[in-house]
Amino acid sequence: MTDLIERPVSTSDGDNVDHGTETSHHHDHHGPTGIMKWLTSTDHKVIGLSYTVTSLIMMIIGGAFAEIIRAQLVSPTSNLVSFSQYNELFTMHGSVMIYLFVGPFAFAGLANYLIPIQIGAPDMAFPRLNAFSYWLYLTGSITMLSGFLVGGGAANFGWVGYAPLSSAANSPGTGADLWICALLLTGFSAIFSGVNLVATIFYLRAPGMTLFRMPIFTWNMLVTGILILLAFPVLTAGLIMLYCDRHFGTHIYTVQGGGVPLLWQHIFWFWGHPEVYILALPFFGIVTEIFPVFSKKPVFGYRGMVFATLTIAALSLGVWAHHMFTTGAVLLPFFSIMSLLIAVPTGIKMFNWIGTMWGGKVHYSTAMLMSMGFLFTFLIGGITGIFLASPPLDFFTHDTYYVVAHFHSVVMALVMGALAGIYFWAPKMTGHMMHEGIGKIQFWFLFIGTQLFTFPLYLVGLHGMPRRMANYPINPSWQTLNEWGSVGAILIGISMVLFLVNVIYSWKKPVVAGDNPWDGHTLEWFTTSPPPSHNFLSLPPIHSERPTWDYNHPDHLAIEHNHKKQAKKSAKASAASDAS
Amino acid sequence: MEETLSQLESAQESVADRSPRTKKRALALAIAAPLLLGGCELPSFGAFHGVTKTANSTFKLWQGFNVTAIVVGGITLLAMIWAIFAYRAKDKTSIPKQTQYHIPLELTYTIIPIFIVIGLFAATVVVENQVVDEPAPNATINVTAFQWGWKFTYPGHKAVVVGQTTQSPIMVMPENKNVLINLRSTDVIHGFYVPEFNFSRYAQPGLLNTFTFNANKTGMFDAQCTQLCGLYHTLMYFRVNVVSQAKFDAWLRAKDASTTQQEVIDANSAIALENNAGVAVNPTKSNGDGAN
C-alpha cells in the first residue's frame, strides 16, 4: 500500500499535493473572462454552475407560486386569486419545480460539475453538446414562464397536461403551446445531458477507477442518465403528438376523431414514473456522499447500494400505471406488486444510510443535518407512498391532498438533499465556506416547516379534500388543517430567505475553504477549490471508492466483508443450538 | 398484538444470530400481521370507516397497512434516531472502525421486506377483488359527468337528476342493494369521488367505467369531482342520498308518474325526500352556461 502511495499516478511532473498556484496561472492566460466566459464556455464546471444557479432561481420562482397557493387556501372562500389564475399557478408551480428545478439542478447542475471530477476526468465527454444542453434548458425555462405574459395566461391544465383537457378546444391559448414547446426544449436538454453523463462515466474514468470503485453519486448519475435516455424520448414524442392534435388536425388524443385520450396518460406516466427516480436518484447519491464523510466511515453496504439503485431503476420502468389505477383501464395487480416491490431496494438504501452512521463519529455539520432531515422526511414520504401502491387504498386517496402530501414529503426531502449538496460542495465550487450558523437555522426552519406543511395535508386528504381546488367547502376542520399547512409553507419560505442571506453573507465575507475542508473521501477533494482548468494535475492511486481518504488515512482502510467469516459461523452454530 | 410487535422487532434487528426456525416464525407473523390486525379494534388513522360493503373492506386494509407501516417505520425511525444521537462525535479527529459490510444483516433487511411486501400484496388482492367485483345488480344508475356538473339517470325509469357546480345534484340510491354505476364523461376526464364510500373512479370520454356499490347506511354524503377538469373544477359538487328500498321505489314511481318533461334539475325534490343532513357548500358564484 505505502509503496503505491509513494508513486501516485500523475499527469504532471509537479508536486502532487500543492499544485494550486501553478494551475490558476495556467487558467488565467487562456480564454475570455466574465460574461464572455459564461456565454462561450464549454467547461463542465462553468456549465454546471450555470445550471445550478438557474435551477435555484427556478426553485425560488416556483416557491413563490406555492406561497400564493397556500395564501389562497387559508380561507375556504378566498378570492386572492381567481379560479383561472389559481389553475395557472398550480400548473406552473408543478411544472417549474419538476421540469425546471429538481431535475436540472441534480442531473445537469451538480452532476455536470462533479461527475468528471469524481471519476478523475478533465471534462464531460461532449463539452459542446453540454453547453448546447444548458442553452436549450435556459431557453425552455424562459419559454415556459413567458406563458404569464400572453393573452389567456399560462398553461392551466396541471403539470400532467391530461388529454383531452389539454386539447385546443378545451385549452385554447398560447400559454398551453408555450408550455408544450418549453417541455420539448428542456426535454432535449435532458436527453443531451443523459447522453453526456453515460458517455462520460463509461469512457472517461481515470486509470484504476473501475465501475465498482465509483462513488455512489456517480453510480446514481449513471443510472439516472440511462433512465433519461429511456424515458424522455417517450415524453418528447407524446408532446409532439399533442402539438399536432392542437394545430395540425390530428386526432391522437381526441375521441371525436377516433383517438384515445387515455394514450396520453400512458405516454406521460411511462416517462413520469422513471422521471420520479430520475429526480430522486441524484439526491440519494448526494446524501450517500455526505453520510460517510460526516460519519468518518465508508458507506455501509456499497455494493448493496449499487444493487438497490439498479433494482429501483429496473422496477421504475414497470410501474407507470399506478398513477392510473382509477382509470379502470389498467391491470391492477401487476402494477401494484411492481410498485410495492420498489419499497424493498428503497428500504435497503434507508438501512444502509443508517448503517453508515452506526458505529461512526457523526459530525453535525449543516450538510449532515440536511441529510438527516432528508432521511426522516423521505421515510415519511416513502411509507405513505407504499399505501398508494395498493389499488383499493389508491382509489380513495387518488387526487386528494393525501397524494399531494405524499409527494411533497418526497420532494421536500429532495430539497433538503439539494441544500445538503450545496452546503457540502459549495466550498469546492467557490473556494469559500458557507456560513454554518445561518445554515443550521435555515435547516430547522426548513425541517419543521416541511413537517408542519405535509402532516395536515395528509389528514385533510383523508377527510376527502381533493387537490387543485381554489376554494373548498366551509368546514372548520378542513380550514384549520389548511391553515397549519400554510404556516408550514411560510416557515419553508423563511428558510429559503435565510439561504439567500447565507449566500450573500458568505460571498461578502469569504472564508477560504482549502482543498479538503470536510476530510472528504472522493477525488473532488484531492484537487484545489475551485478545481483548475481540466481539474487535476495529479491523481492519487485509486484502490477503492474513496481514494482521497485512502491517501490521507492509509491506516484506516475499509474493512473487507469476509474478514470474520469464521467467527460468525461459530457464533451462528451456538445460537442455533441454544434455540433448539 | 404486543407479541407481534416484539417479534417483528427482534426479527428486524438480529435475525443473523437466530435459528432459521425463529426466523420463519417471525416472517410468518410479519406477513400475517396486516391481515390479523385488520380485525382488531384499531384507530381509524384518519380515514373514513366507510358506508358501503367494499368501503368497509378498504378501511380494514387501510388499518392493516397502517399497522405494518407503524411497526416497520417505527423500527426504522428508532434505528435512525439511535444512529444520529448515539454516535455523535466527541472530538474532531478520532476515526472509528471502518466497517463497510455486514452481509447477514444486509440480507436480513432485504429478505424481510420482500415477505412484508408479499403480505401487503396478498391483502391488497383480496380487497381489490371485492372492490372491483360486479355482482348481479338490483338497480342501475347511469352517471354522466360534464363540465361542470353531473347527470344521474335510472334506466327503465323517467327520473333524471341534473345539476351544475354548487347546485349539487343528488344521486339517490337504495340501501343494502347492489347498485351498478355506469360512469361516462361527455367532454374531459372527471373524477367521481364519494369520500365516505372510500372510492373514486375517473369518468372518461369514450370509455365506459362500471362498478358496484352496496351501501349499508342511509344518509346524505358529500361528493365531488377530483380530477382537474377546467375552470370550475373547484365547484363540481354532488351528493349521494342513500335511502331504504321502499323510499327509493316510491321516489322512482313518483318520477315515472310525473307528467313533466324528463330533463329537470331536480336537486330540491331529492332533498325533500328525507334527510336534513345538509352540508355547507361553497356559496360562491355558480356558472351560467355549459351543461347539456
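Each residue, glycine too, has its Cβ placed from N, Cα and C.
Features reported for this protein in TrEMBL:
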COMPBIAS  A:16-25  compositional bias 'Basic and acidic residues'
DOMAIN    A:38-543  domain 'Cytochrome oxidase subunit I profile'
REGION    A:1-31  region 'Disordered'
TRANSMEM  A:46-69  transmembrane segment
TRANSMEM  A:89-115  transmembrane segment
TRANSMEM  A:135-159  transmembrane segment
TRANSMEM  A:179-204  transmembrane segment
TRANSMEM  A:216-243  transmembrane segment
TRANSMEM  A:306-325  transmembrane segment
TRANSMEM  A:331-355  transmembrane segment
TRANSMEM  A:367-389  transmembrane segment
TRANSMEM  A:401-424  transmembrane segment
TRANSMEM  A:444-464  transmembrane segment
TRANSMEM  A:484-505  transmembrane segment
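A Cβ distance under 8 Å defines the sequence-distant neighbours of the transmembrane segment (A:216-243), meaning residues of its chain 6+ beyond its ends; these are 106-107, 111, 114-115, 118-119, 161, 163, 166, 177, 180-181, 183-184, 187-188, 190-191, 193-198, 201-202, 250, 252-253, 264, 267-268, 270-272, 274-275, 277-278, 281-282, 284-286, 288-289, 299, 302, 305-306, 309-310, 313, 316-317, 522, 545. Where the transmembrane segment (A:367-389) meets the stretches A:179-204, A:306-325, A:331-355, A:401-424, A:484-505, the count of C-beta pairs under 8 angstroms peaks at A:401-424. Counting Cβ pairs under 8 Å that are 6 or more residues apart, the transmembrane segment (A:179-204) and the transmembrane segment (A:135-159) reach 3 or more and are in contact. Under the criterion of 3 or more C-beta pairs below 8 Å, with sequence separation of 6 or more, the transmembrane segment (A:89-115) and the transmembrane segment (A:401-424) qualify as touching. Outside the transmembrane segment (A:46-69), and at least 6 residues removed from its termini, the chain residues within Cβ reach (under 8 Å) are 37-38, 80-81, 86, 89-90, 92-93, 96-97, 100-101, 104-105, 108-114, 130-131, 133-134, 137-138, 141, 145, 415, 422, 429, 489-490, 492-493, 496, 500. Outside the transmembrane segment (A:444-464), and at least 6 residues removed from its termini, the chain residues within Cβ reach (under 8 Å) are 369-370, 373, 376-377, 380, 384, 397, 400-406, 408-409, 412, 415-416, 419, 475, 477-478, 480-482, 484-485, 487-495, 498. Long-range contacts of the transmembrane segment (A:401-424) within the same chain: residues 52, 59, 97, 102, 105-106, 110, 276, 279-280, 283-284, 286-287, 289-290, 293, 365-368, 370-371, 373-374, 377-378, 380-382, 384-385, 388, 434, 439, 442-443, 446-447, 450, 453-455, 457-458, 460-462, 465-467, 492, 499, 518, each at least 6 residues beyond the stretch ends and with a Cβ under 8 Å from a Cβ of the stretch. Taken together, the residues of the domain 'Cytochrome oxidase subunit I profile' (A:38-543) have an average pLDDT of 95.
Tertiary neighbourhood of the transmembrane segment (A:331-355): same-chain residues 284, 287-288, 291, 299-301, 304-305, 307-309, 311-312, 315-316, 318-322, 325, 375, 378-379, 382, 386, 388-391, selected by CB-CB distance under 8 Å and a gap of 6+ residues from either end.
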